[in-house]
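Here is the structure we will look at, set down as structure tokens.
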Amino acid sequence: MALLVEKTSSGREYKVKDMSQADFGRLEIELAEVEMPGLVSCVTEFGPSQPLKGARITGSLHMTIQTAVLIETLTALGAEVRWCSCNIFSTQDHAAAAIARDSAAVFAWKGETLQEYWWCTERALDWGPGGGPDLIVDDGGDATLLIHEGVKAEEIFAKNGTFPDPTSTDNPEFQIVLSIIKDGLQVDPKKYHKMKERLVGVSEETTTGVKRLYQMQETGALLFPAINVNDSVTKSKFDNLYGCRHSLPDGLMRATDVMIAGKVAVICGYGDVGKGCAAAMKTAGARVIVTEIDPICALQALMEGLQVLTLEDVVSEADIFCTTTGNKDIIMVDHMRKMKNNAIVCNIGHFDNEIDMLGLETYPGVKRITIKPQTDRWVFPDTNSGIIVLAEGRLMNLGCATGHPSFVMSCSFTNQVIAQLELWNEKSSGKYEKKVYVLPKHLDEKVAALHLGKLGARLTKLTKDQSDYVSIPVEGPYKPVHYRY
């Protein structure tokens, strides 16, 4: 794979699609900043003291216009940053170009192959002979995964000289990961151990990545502290819910121009993401059916006037299918064969294994017709009818549209900045062990408060008597940790 790192005139490394788009990217970044009051407030409050000075931060998170504002917030607080995207389709090339030119090392472009994707991840983690990053901003956990798998392989190699075997797995993506680690072992057999020793911690953006972290914590495999940003209320109840409510119909309409009103839409999963997706489809005039494993979530869907059925009940009747579960094997090729002609199948969960893309790609005689980038019609030979799959089963709202709007991402990314500050400020205190943590309630409330003024809100303030009566401090926090919102 002949990929070469390029350098700006100032010597900063990068690999993006088209640097001539940098001016366009800068214009959109300036527009987004106005919609991201939380990040702007972080620069105002913390910028003068440069609290991240000396910190090396690697980011593996969708390289969008909104992420560009996050990156420039981190650099404004003193950090040095290297960045890659966490999805092969989610990069906005003009955003990548602007940041690569002006602010940070970026390795990302829309439409990467899996081989290119992991090359970019490796580059973002590569800080030269001095080891890796001090901090990671992760989304989905791929940067964290690469380090953990690298350390594991190095330990085996040190013990008996055995290299990782890419053929030991059927997963084509993990084969690439093992190949990268194998190649690295031949150059520096302690590469990932050096990264582990330097790392202060990671802050994780999304549900899927958080699941990985908790799994590693349970088995004692977690190598460094982690802050679970996803379960901050101002992330999961805003980005996951309202962001998806905005971006699902946006992606559907950009990709297909289909009229949603009157259609039958199946939302697989009714967590925060599923709730946002179902609300969007209902508002657009679709008849919404939810599939769920959890009786509580199922009952919530029913209380919203939605039907709750199994996929098998509705697979031949629905027009639009969207997976939101964070699980695997939700819509299989046998389901797709039974769907209406030109039924739309898409995913808004982090990875591409909710939809059985491998089964679809290897189905005997199936024909793939690319309508436009990230919009494909797959025709089955035995029925001569087809389905439309968006973004190859990956995140359709970023593959087919531009993801969540700036304002709601400001909530999520302000949490990320606070998490990075917390990890860096406490790096020598012993406060954070090799465990997964959630930001405290008062910081969650602070993130929300930073966004109220932009929307013209004015908070009511407790009197001292009221505060004493309900045993809630006048300045908060206002809810107990277990409050569900």
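Just so it is clear, glycine is given a Cβ too, placed from its N, Cα and C backbone atoms.
Quick look at what Swiss-Prot lists:
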- THR64, ASP139, GLU205, LYS235, ASP239: substrate binding site (BINDING)
- 206-208, ASN240, 269-274, GLU292, ASN327, 348-350, ASN397: NAD(+) binding site (BINDING)
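In the three-state DSSP classification, GLU292 (NAD(+) binding site) falls within coil. Applying an 8 A CB threshold to same-chain residues 6+ apart, the list for GLU292 (NAD(+) binding site) reads GLY269, TYR270, ALA298, ALA301, VAL308.
Rounded to a whole number, the distance between the Cα atoms of HIS350 (NAD(+) binding site) and LYS235 (substrate binding site) is 15 Å. For the binding-site residues THR64, ASP139, ASP239, a Cα-Cα cutoff of 10 angstroms around THR208 (NAD(+) binding site) retains ASP139. Between the farthest pair of Cα atoms in the substrate binding residues (THR64, ASP139, GLU205, LYS235, ASP239), the distance is 17 Å. Separation of the C-alpha atoms of GLU205 (substrate binding site) and HIS350 (NAD(+) binding site): 11 Å, rounded to the nearest whole number. Separation of the C-alpha atoms of ASP239 (substrate binding site) and VAL273 (NAD(+) binding site): 9 Å, rounded to the nearest whole number.
THR206 (NAD(+) binding site) and ASP139 (substrate binding site) have their C-alpha atoms 6 Å apart, to the nearest angstrom. Summarising the environment of ILE348 (NAD(+) binding site), the number of other Cβ atoms within 10 Å of its Cβ, over all protein chains shown, is 29. Shown in sequence order, SER60, LEU61, HIS62, CYS86, GLU204, GLU205, THR206, GLY209, HIS350 are the residues of the chain, 6+ apart in sequence, with a C-beta less than 8 angstroms from the C-beta of ASP139 (substrate binding site).
In terms of C-alpha distance, the listed binding-site residues GLY271, VAL273, ILE348 place ILE348 closest to THR64 (substrate binding site). Within the same chain, the residues at least 6 positions away from GLY271 (NAD(+) binding site) whose Cβ sits under 8 Å from its Cβ are THR207, ASN240, CYS297, THR324, THR325, GLY326, listed in sequence order. Mapped onto three states, the DSSP output places LYS235 (substrate binding site) in helix.
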